[in-house]
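Feature annotations, courtesy of TrEMBL:
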- HIS188: active site, proton acceptor (ACT_SITE)
- GLY12, ALA13, ALA14, GLY15, GLN16, ILE17, GLY18, ASN106, GLN113, VAL130, GLY131, ASN132: NAD(+) binding site (BINDING)
- ARG93, ARG99, ASN132, ARG163: substrate binding site (BINDING)
- 7-147: domain 'Lactate/malate dehydrogenase N-terminal' (DOMAIN)
- 157-321: domain 'Lactate/malate dehydrogenase C-terminal' (DOMAIN)
Amino acid sequence: MTQAPVTVTVTGAAGQIGYALLFRIASGQLIGPDTPIKLRLLEIPQAVKAAEGTAMELDDCAFPLLQSIDITDDARTAFDGTNVALLVGARPRTKGMERGDLLEANGGIFKPQGEAINAGAADDVRVLVVGNPANTNALIAQAHAPDVPAERFTAMTRLDHNRALSQLAQKLNVSITDIKKLTIWGNHSATQYPDLFHAEVGGKIAAEQVEQAWLADEFIPTVAKRGAAIIEARGASSAASAANAAIDHVHTWVNGTPEGDWTSAAVVSDGSYGVPEGLISSFPVTARDGKFEIVQGLEIDQFSRERIDASVNELVEERDAVRKLGLI
Ligand SMILES: NC(=O)C1=CN([C@@H]2O[C@H](COP(=O)(O)OP(=O)(O)OC[C@H]3O[C@@H](n4cnc5c(N)ncnc54)[C@H](O)[C@@H]3O)[C@@H](O)[C@H]2O)C=CC1
Ligand SMILES: O=C([O-])CC(=O)C(=O)O
């Protein structure tokens, strides 16, 4: 049965993530194989022509699900009636920068975009912020969309989650599908905490199947600093893997997590696990009926507590910094 079309807005459509993302959305991988897609591409004026070129290529794929492509440099037009907003457009970091260095440069983008979402997006709009610093950019957008339920604003830590799955699978020589209940806590930054104490491999706790030294000195830093390692190796920040994670995030949000498993997403804190209410922080989440829910009741030992707190403290600092800049 053919379903109603879903309007998907992608900002930064002419960028490297945009190029890796749009074809997958148009082919049906974002929502599902029966859902027609209407694409809205938002770019800055200088990049509209490049976005038009990408749209020509989308046309040339003759995707059966792709009903329309609109390209604009106006945020209000881009978000009018949108169901899924993927906020990718931002300046990426280059060698030697931390993602937090981008706060001021990118903060200014997310305020008007939040306002435009508030003004015209569909009632069921779901927002995923990819542009860095993703958690705090999502906070800025959410602060300027008071009429949209706060829970609809999320930021992407699925790439970190996927990186952690892959590192652990290689270490234990198991398949990705053998790993359940892995969690990324906190900020999408070098302070993030990939947690193996609740993760299970073959039904047993993952942390008990690896050496403590590997966990603390290799696994955690490798996952947390993977973005910088990609920049070092590729000379540009991760793009196809980031697009893949954005597809995974929205697909899970809409279609749900499997029974007995969860994923990671940065969502608005309700105060769970001592994370101050209102911060957009990564948690273990399930998705049911189109909603993310923070997994409750996990015991947090001291090793994990210190690391979660460090990342959450960084989010508090970022929030305070954007407050000072008048962005929230
Ligand atoms: N959360 C995550 O896991 C990840 C986040 N990122 C972040 O994603 C963002 C995009 O990365 P790339 O595609 O590699 O960058 P890019 O530089 O290739 O593309 C960014 C695009 O955004 C556009 N843009 C800038 N301001 C805009 C605005 N106000 N409205 C609409 N479009 C605008 C630019 O014209 C450009 O085409 C960066 O902030 C990067 O750090 C990248 C990888 C992973
Ligand atoms: O590291 C960066 O700047 C890009 C990014 O967020 C990632 O690859 O995780």
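We count from 1, first residue shown onward.
A Cβ is built for glycine as well, from the same backbone N, Cα and C atoms used for every other residue.
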Cβ-Cβ neighbours of GLY131 (NAD(+) binding site) (radius 10 Å): 27
Helix, strand and coil residues within the domain 'Lactate/malate dehydrogenase N-terminal' (7-147) as assigned by DSSP: 65 helix, 26 strand, 50 coil
Distance from HIS188 (active site, proton acceptor) back to GLY12 (NAD(+) binding site), taken between C-alpha atoms, in Å: 19
Residue among the recorded positions ARG93, ARG99, ARG163, HIS188 whose Cβ has the most other Cβ atoms within 10 Å: HIS188
Spatial neighbour of HIS188 (active site, proton acceptor) that is closest, considering only the binding-site residues GLN16, ARG93, ASN132, ARG163 and their CA atoms: ASN132
Proximal but sequence-remote residues of the same chain as GLN16 (NAD(+) binding site) (Cβ under 8 Å, at least 6 apart): PRO92, ALA236, SER237, ALA239
Confidence summary for the domain 'Lactate/malate dehydrogenase N-terminal' (7-147), mean pLDDT rounded: 95
Those binding-site residues in GLY12, GLN16, GLN113, ASN132, ARG163 whose CB falls under 6 A of ligand 1, listed in sequence order: GLY12, GLN16, ASN132
Farthest-apart CA atoms of ARG93, ARG99, ASN132, ARG163, residues recorded for substrate, distance in Å: 19
Extent of the NAD(+) binding site in Å [max Cα distance among GLY12, ALA13, ALA14, GLY15, GLN16, ILE17, GLY18, ASN106, GLN113, VAL130, GLY131, ASN132]: 20
Those residues of the chain, 6+ apart, with a Cβ under 8 Å from that of GLN113 (NAD(+) binding site): THR11, ALA75, PHE79, ALA85, LEU87, ALA141
In sequence order, those binding-site residues of ARG93, ASN132, ARG163 whose CB lies under 6 Å from ligand 2: ARG93, ASN132
Intrachain C-beta neighbours of ALA14 (NAD(+) binding site), sequence separation six or more, cut-off 8 angstroms: LEU41, GLU43, ALA47, VAL48, ALA50, ALA51, GLY53, THR54
